[in-house]
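Take a look at the structure below.
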């Protein structure tokens with residue numbers, strides 16, 4: 001047993017305890033009991049963990065510790081994700097910052113991959129160190145990296161099986177293309193940002209001298225315009241893609257243009273003729289009702305191109321510059337495939353001579369090309385108008401660049417059949433969402449699913465298991481080149497080259513529930529408990545990846561194993577800063593969990609927040625804001641204070657505003673628990689209440705302390721409250737209501753145990769009834785030991801440290817709290833305990849009322865007061881007599897006297913408890929006149945402040961124009977002033 005210090009210092013024991021737990025193997029599955037499994041969403045190996053990780057990992061660890069104490073066979077599967085794009089970007093930047101003149105490209109693929117592996121080792125170690133410091137009780141011996149041999153084999157197996165089943169195909173389609181990274185990216189990595197732009201109207205001349213009578217009507221159907229026109233006006237926000245137009249399009253029921261459907265227009269700047277087509281996707285009210293169709297550079301236009309069999313003309317290269325030579329493609333539909341299904345359509349080259357890009361535009365960046373094209377159109381009299389327009393601009397979340405819809409050969413997964421099955425599993429309850437409203441989000445995404453582009457033009461990641469014949473370009477899919485050659489009888493004369501692309505990160509992540517359990521290797525599956533631990537019990541994750549990860553795990557796990565990946569999906573909110581802003585490096589508001597746990601100096605915090613910025617110009621602004629917010633740096637709070645803060649903030653379905661002040665408050669809670677334990681230990685030093693012991697078997701085979709046989713009302717009350725909070729703890733764990741769990745345990749520990757029972761125990765401990773004193777000592781120890789077990793899943797370090805001091809006093813021989821059984825609600829004698837509980841609740845009301853009077857009158861704590869009683873019921877008289885010793889002790893009373901109803905009371909401060917009137921005579925206690933004058937003056941001052949605040953908040957200009965934070969601050973001030981005024985008036989009324 002370690003030395004018990006007089007003050008709470010988490011740095012003195014947290015790291016030591018974790019090392020002891022891990023060395024003893026306490027984190028490993030026991031192999032007995034009901035399986036309880038949690039999958040850790042693997043953090044990316046791109047740096048360090050942030051508050052979002054700490055938030056989710058704290059909740060997961062609480063669940064794991066709770067179920068471990070409940071006797072379940074717990075497995076927390078942890079690991080890290082290779083995070084293809086993110087990691088490649090970070091390492092590429094670091095290579096350049098090393099100052100050796102090296103770049104990703106100069107290193108070459110193998111050299112760069114070696115650099116990434118070095119980074120992965122460094123980053124992975126940092127992540128594990130952070131998780132350990134937080135208290136994560138995971139089986140580290142099973143930690144998995146998504147590019148370890150076993151998961152990599154699973155990736156290859158899944159790809160090959162899906163390809164052989166026809167679910168994976170390779171084809172030309174539009175993808176999200178980042179022109180800086182020069183790779184396809186997922187929808188998740190695209191942020192649509194509302195930005196101000198322009199809407200240009202361009203004249204497309206009708207071919208062959210065709211004219212038409214243009215007629216427009218108002219909303220009532222009245223003709224408002226009739227004129228002959230020889231061109232169509234097309235509205236666009238992207239004139240630079242005009243060179244790739246292959247049609248213009250109108251709505252089939254738009255009377256203005258029905259006569260022109262099937263005619264052609266001459267494409268400006270190129271002289272190429274394109275057809276006027278009709279499609280119901282056109283909005284007749286947008287612009288002129290005529291839109292350009294550029295299938296190779298717009299997602300909607302691509303689908304139109306498929307439906308209408310339009311050529312695909314690519315005019316931008318992979319860097320978003322105008323191609324020097326045009327690259328045009330067209331459609332050829334195999335006879336045995338459904339027409340119009342773009343997944344089954346082959347693309348053929350179209351002779352380049354049919355499509356010409358003006359030479360002076362070749363090679364221009366897309367925005368330079370836009371300027372030049374607009375200038376050319378204006379010169380030719382074809383630019384009709386340019387008006388401001390708000391549009392949604394797709395930007396890559398890593399580079400900030402505008403993403404291009406880009407036509408390229410990629411690998412895809414057909415999602416319709418998989419999605420139908422994934423939706424069915426959730427609809428019938430095989431997978432449950434908590435909170436349940438998230439099923440609506442899941443349902444919407446699954447009903448609107450598209451084929452999944454899984455290939456990325458990167459070096460870091462799982463190479464696609466496909467080999468190309470260098471002679472004719474045909475490709476073969478297999479688990480290895482040797483398998484491909486054997487299966488297709490390819491001799492050494494055939495030169496094969498593996499696809500240089502890699503699979504997107506989510507492809508391997510979707511296999512996480514079962515690849516970590518050894519799939520597809522039968523031996524590994526048996527060793528890692530595939531049958532025992534799949535499905536897992538719960539997935540704790542954020543709502544932002546319900547589709548991109550959660551849905552794909554459901555679909556893949558069902559397809560490859562015939563099982564669901566997990567029973568419950570607990571969706572958390574996002575962690576934001578105290579002002580509700582998203583935490584990000586560019587905002588400079590990111591908090592490292594370790595800085596809250598162990599503290600950090602101001603200079604180190606500024607350096608951490610300003611180093612490695614994607615936009616270095618923000619460094620000065622971030623440094624200034626950091627120095628203002630944390631003038632003294634961040635003090636150490638310990639892991640437990642951070643964990644309890646997280647639990648208390650974990651409300652269902654809402655984003656979390658993280659306020660460091662809350663962590664300070666819960667550090668005080670830990671300190672309160674520490675001091676209460678010191679009190680109990682000091683007052684039970686010679687306790688022998690555990691002997692003779694009445695044994696009951698504990699989970700770990702050790703004896704449990706005997707159940708108290710209470711001799712006082714206070715003991716019966718605290719035991720009844722302990723039973724209630726124990727039952728509530730189990731209920732809140734089952735409901736994933738960590739906030740309500742933390743609140744219930746906090747209220748019991750701070751208010752009921754520390755503030756009340758410890759105080760109510762003192763009269764018994766110091767009284768002459770030795771049996772009551774012994775019983776009270778045992779109950780103090782028993783309740784404290786049970787409370788430490790209740791709190792352990794949330795705050796494991798301090799509870800373990802304190803428990804090791806308390807347990808021997810109860811005759812407990814076990815060496816660690818984390819393997820002790822979680823408390824179960826006790827069945828108490830209803831009538832006796834209920835009566836005692838009611839009596840103590842009455843006593844608490846009495847004491848609180850009289851303490852408020854003392855506080856209101858500013859009576860020093862050491863000053864004794866008199867108490868007069870008037871009225872009340874017979875039960876009140878009984879309770880006054882019964883609790884006389886406790887009342888004198890707790891309230892420092894000189895005497896208690898009863899007044900008859902007819903007796904006039906002296907000037908007194910008054911409180912009412914039911915029908916009982918409590919009077920504290922003022923004579924000799926305070927200078928009543930002076931106190932009245934002081935309160936009157938203070939009331940006027942506070943009323944003046946309230947008037948000022950009301951004046952500001954009733955001013956519409958202030959409310960509408962001041963920053964939101966300033967307005968909220970003023971509202972908060974008004975609330976504080978109002979509360980203060982009510983208190984002053986109450987005190988004045990007392991006098």
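Cβ atoms here come from the backbone N, Cα and C positions, even for glycine.
The motif ''HIGH' region' annotation in Swiss-Prot covers 43-53. Mean pLDDT for the motif ''HIGH' region' (43-53) in the predicted structure: 85.
For the motif ''KMSKS' region' (582-586), same-chain residues at least 6 beyond its ends with a Cβ under 8 Å from one of its own Cβ atoms are 50-52, 574-576, 609, 612-615, 618. Look at Swiss-Prot and you will find 582-586 tagged as motif ''KMSKS' region'.
Positions annotated as ATP binding site by Swiss-Prot: 585.
Swiss-Prot lists 689-711 with the feature region 'Disordered'.
Positions annotated as coiled coil by Swiss-Prot, on the basis of sequence analysis: 925-988.
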Intrachain neighbours beyond the motif ''HIGH' region' (43-53), with Cβ under 8 angstroms and 6 or more residues off its ends: 80-83, 86-87, 90, 119-120, 123-124, 126-127, 130-131, 145, 542, 574-575, 583, 590-593, 658
Three-state composition of the motif ''HIGH' region' (43-53), taking helix and strand from DSSP: 3 helix, 1 strand, 7 coil
Secondary-structure category, per DSSP, in which residue 585 (ATP binding site) falls: coil
